[in-house]
Amino acid sequence: MASSGGVRNGVGPRMSAKPDRQGFSATPKTAAGKQRLSSSAAAAGGAYRRTSSGPLPSRAASDGVSSRVRVAVRLRPRNAEELAADADFGDCVELQPELKRLKLRKNNWESETYEFDEVLTEFSSQKRVYEVVAKPVVESVMEGYNGTVMAYGQTGTGKTFTLGRLGEEDTAARGIMVRAMEDILADITHGTDSVSVSYIQLYMEMIQDLLDPVNDNIAIVEDPRTGDVSLPGATVVEVRDQKSFVDLLRVGEAHRVAANTKLNTESSRSHAILMVNVRRSVKGRTEMDVSISGENGHSSSMMGSLRPPIVRKSKLVVVDLAGSERIDKSGSEGHTLEEAKSINLSLSALGKCINALAESSPHVPVRDSKLTRLLKDSFGGTARTSLVVTIGPSPRHRGETTSTIMFGQRAMKVENMVKLKEEFDYKSLCRRLDIELDKLIAENERQRKYFDDEVERIRAEAQCRIAEAERECKITLENEKMKYHQEYLDSIRIMEEKWKVHQQSPKKQNKEAESTSNNTGEVHNLLQNEKMLRQSAEDEASDLKNQVSHWKKLEATATAEVVKLRKMLDAEASQKEKLEEEIDVLRSQLLQMSMEADETRRSLDKGDGPGKIFPGLDSLVSQTRGSQPREQSNGPKQPIAKLFEQVGLKKILSLLESEEPDVRVHAVKVVANLAAEEANQEKIVEAGGLTSLLTLLRSSEDETIRRVAAGAIANLAMNETNQDLIMDQGGVTLLSMTASDAEDPQTLRMVAGAIANLCGNDKLQTRLRGEGGIKALLGMVRCGHPDVLAQVARGIANFAKCESRAATQGNKVGKSLLIDDGSLPWIVKNANNEAAPIRRHIELALCHLAQHEVNSKDIINEGALWELVRISRDCSREDIRRLAYRTVTSSPTLQAEIRRLGIKM
């Protein structure tokens, strides 16, 4: 969002001089009434500049490297109004860019001189401003250091033009945000590096998401160990190209709050903060060498170094502060006046912090404003910071110009201790180990399958050969047997025929005796031939038996080879088990290394030397095994956080399924305590904790377990993502069943709190009512306990607020679901309850229901109109009283009824 027409048209790419890459000086001085710096002091200042602006070391020490805040001043050219009004007056400032000085005129004969790190005239191009102010910071961010670029100045002096100009019509007019992202995307490696952005605004001390306007109250989370602040609720978008980034900036600028004042037609009414997170992998710093050796080329063990990869996580913060303004000059009134007050208060808090840092005060009031909390790392922290202060030339605004210049002078005295943001990438190492394990397992399975196939092939081939030999031998023996048997029968038959002939012819006996003798010789010859054939058959049978014996030997050899292969497979299986054991050991070592790294970081934060980092890794496993019994013996005396780190979330969740009631009770209490901290909720849900709690709520009959489980679910239900998961897993139905069965007021209070948290989600209204959530809330009023009634009232107020918000956004909605479920009589009955929390929520719910015109008839019929009139008159809280009055006066139906009843508002 550009500031004014003068800045938009006046600052152009007319200056072609190259930016000075040397270090900036940091000594302000006055021309009148003060001595000049000596030559020795100037030399010392030059040496200091070279030290602070030189290249940062690749590995920062534990205490960081000192780096001063660099400040540049930029002059806006006169706009059309100033050219007309100040035509007879000269500029109140005189720039000396070659000397990096600025003269502020008090009158025609007296002026004060100030020195800055860089002086940018009204003719300085956007490119020069970027290269002088922001490019060194961007280069540091790409090297692994945090960096901040911030613009400060009076409203309408060109802060937004300097930082956030998109340059769609004129590329030369691109601001620092667009140019910085161009350099970042050009320097990263796609695939291994990543860039993500968040874009927020601080409006009226509320942090709002410019990329998701519904997210209008983001909480600041501070790490209790390191003191770093973060915004986990802000939208984070990964950026892959310049076009998508410009689209994000365009969306954010469209949602940023602006107003028309006498000083600026497009005055920013909020502080805009762009956060760019850069994650880069450090190449060539560490490798995992794996050697595989063994007999017959099979893998046996995995040896190598386990140093995980190193990643650098840095952050670039670009801050476009809202302009300071004087009320009498800007003409702000009404809501614009409230915005101006909030802007001036936050800028005043920032000025106090910078004064304290410049004067080395022991106390820096960073908690006076959310702006100072967000910029805690930029001033006096670990980031490299560059500030550009923007001023105007008009003598009418000499006071504001003087204040801006003095702000920059004080900021130049602030020293930061920049630190390299490196850490071990244990997740990447674990993924590499898993991939290597999968490869070894796949290779083992392939070899085993090959061996099994080979054994089956040899066995099948041997069986086929043996069966073929037996079949051939059997056929040959049968053929020979039949042949010789037939010849034998033929010979007997011939001899019998001849004997019969011989008996029938005695006369021919003598004659045939000789013939018989010859025949006998023939028979004898035949018998000899038969013996020879039999011998030949026996020899052939012997040969066949030898062949069978040979095939049996081959079968025995194949069997021996199969046994050998089985032994080899058993050996491979044993090696696989050893390999899996080694992998388990490696994983345990990886976990211990992670714990040691955390201890190392804590030691570094406390000031311990870097020599304590790696010696602990050598004895980590033995120390961990030795310390486990002692840690377990402490038992419940340990804090919940320590127990969470040592035992592990999965182990704690597994105890929820224990058969011992006492164990389940203690386990669910630990989970509930962990769920109370927002930082642990995502881990609990990812580990299946939400499913375990719902299962426990469904199956357990122990009242204590049900109460604590319902409380843990209520804590998890404070997160919008978890609310969808609770609905998807039937959580509302379980909570409704518990509400109908339970009698203990504390259990009912936990269940009512969980349903009340779900009632605040606009997307779950219909589902929540359809699954009986509203009726369950109304059913719990039977208890009558004030705590339970307070939670019921809070849930009804949240539900009514969501319905009212949907109606004001233009969505088509019918009569309130709360009224359909019969909640209005109870609301009217308890609208004047003695308990303040119950009364406050009921009053809000009644106001929200009455804002929708379709509910007016029910409001009148149930007597709720009288309560609204009473709230608008007698409510102790002014905001609710105003809301009730505005609701009653804006409804035509309610106004008509009030006139009919003669009620005076």
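Any Cβ shown, glycine's included, is placed from N, Cα and C.
Using a 10 Å Cβ-Cβ cutoff, Gln154 (ATP binding site) registers 28 neighbours. Summarising the annotation, TrEMBL assigns ATP binding site to Gly153, Gln154, Thr155, Gly156, Thr157, Gly158, Lys159, Thr160.
Residues or ranges marked as coiled coil in TrEMBL: 452-479 (among others). Long-range Cβ contacts of the coiled coil (452-479) within its own chain (Cβ-Cβ under 8 Å, at least 6 residues beyond either end) map to 537, 540-541, 544-545, 547-548, 551-552, 554-555, 558, 561-562, 565-566, 569.
For 527-596 (among others), the entry in TrEMBL reads coiled coil.
Taken from TrEMBL, the feature compositional bias 'Low complexity' covers 36-63.
The compositional bias 'Polar residues' annotation in TrEMBL covers 620-636.
Look at TrEMBL and you will find 1-63 (among others) tagged as region 'Disordered'.
For 501-521 (among others), the entry in TrEMBL reads region 'Disordered'.
Per TrEMBL, region 'Disordered' is recorded for 597-639 (among others).
Outside the repeat 'ARM' (647-689), and at least 6 residues removed from its termini, the chain residues within Cβ reach (under 8 Å) are 221, 232, 636, 640, 695-696, 700, 702, 704-705, 708-709, 711-712, 715-716, 718-719, 721-722, 725. The repeat 'ARM' annotation in TrEMBL covers 647-689 (among others).
The annotation repeat 'ARM' is assigned in TrEMBL to 688-731 (among others). As a whole-number mean, the pLDDT of the repeat 'ARM' (688-731) in this prediction is 85.
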Quick check on the binding-site residues: of Thr155, Thr157, Thr160, whose CB has the lowest count of neighbouring CB atoms inside 10 Å?
Thr155
Helix, strand and coil residue totals from DSSP for the repeat 'ARM' (647-689) stand at 35 helix, 0 strand, 8 coil
Counting across all protein chains present, how many other Cβ atoms fall within 10 Å of the Cβ of Lys159 (ATP binding site)?
31
Same chain only, sequence gap of 6 or more: which residues have a CB within under 8 Å of the CB of Gly153 (ATP binding site)?
Lys159, Leu321, Gly323, Ser324, Val389, Thr390, Ile391, Thr404
